[in-house]
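Annotated in Swiss-Prot:
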- D72: active site, proton acceptor (ACT_SITE)
- S8, N9, N10, A11, K12, K13, S73, F155, G156, Y157, D158, K180, H185, R186: substrate binding site (BINDING)
- E43, D72: Mg(2+) binding site (BINDING)
Amino acid sequence: MSRIVLASNNAKKLVELRRTFEGADTEVEIVGLSEVSDAPAPEETGRTFVENALIKARAAAHETGLPALADDSGLEVDALNRMPGIRSARWSGPHAHDERNLQLLLDQTFDLPDERRHGRFVCAMAFVDPDGTEITKVATMEGRIISEARGKNGFGYDPMFVPDAQPGDLTSAEMTPEVKDAISHRGQAVRAIVPAVVAHLEGR
């Protein structure tokens, strides 16, 4: 069985990524970064989601000697020039956390009319093998920003984002994990990268 390290110390993201990857029925053991390394997280200096995902995956592969899978995700709001974008996790400042980021999103969008509330979640997945192989995939989940937080599931901006790809009007934070995984940017990106990763590992 092959082992892959997930380059994330975000517990909720780790659970979501592991659940989605393992749901693909592959002979791969997923280990969290903190289980195999105490190295500090690399500085995310990239200008795109893909660049930042590669920075994290390369660092994890280098530190652990294991193939590494990393994601860089964020919210783009069209009316805010696609902000917060790659700064989604740190948007509200050096001590940013979900509640502060949500409040900032509310402050920035409270007076937007419905027709200007479109946005999307973006996820870039990067796989890096110490042998030099690199694979990347990008996926999005389109939707709209609402004017209040709803729901307790998920994390980040989920409580204020209503995905288009659903029959109802639930926020990402009101969906069950199974429903969210089926349509989410991260679920799509993981499902896109899994076949390429498995093919690479089987061909080593």
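Positions of Cβ are set from backbone N, Cα and C atoms, glycine also.
Structure with Swiss-Prot features highlighted.
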residue	record	Cβ contacts under 8 Å, 6 or more apart
S8	substrate binding site	L14, L17, G32, L33, K56, A70, D71
N10	substrate binding site	F155
K12	substrate binding site	G154, F155
E43	Mg(2+) binding site	I55
D72	active site, proton acceptor	E44, G46, F49, V50, N52, A53, K56, I86, C123, A124, A126
S73	substrate binding site	K13, F49, S88, F121, V122, C123, A124, G156, H185, R186
D158	substrate binding site	G151, T171, S172, A173
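Counting every protein chain shown, 22 other Cβ atoms lie within 10 Å of the Cβ of G156 (substrate binding site). If you draw a 10 Å sphere around the CB of H185 (substrate binding site), it holds 26 other CB atoms from the protein chains shown. As a whole number, the greatest separation of Cα atoms within the substrate-binding residue list S8, N9, N10, A11, K12, K13, S73, F155, G156, Y157, D158, K180, H185, R186 is 21 Å.
Reduced to three states, the DSSP call for G156 (substrate binding site) is coil.
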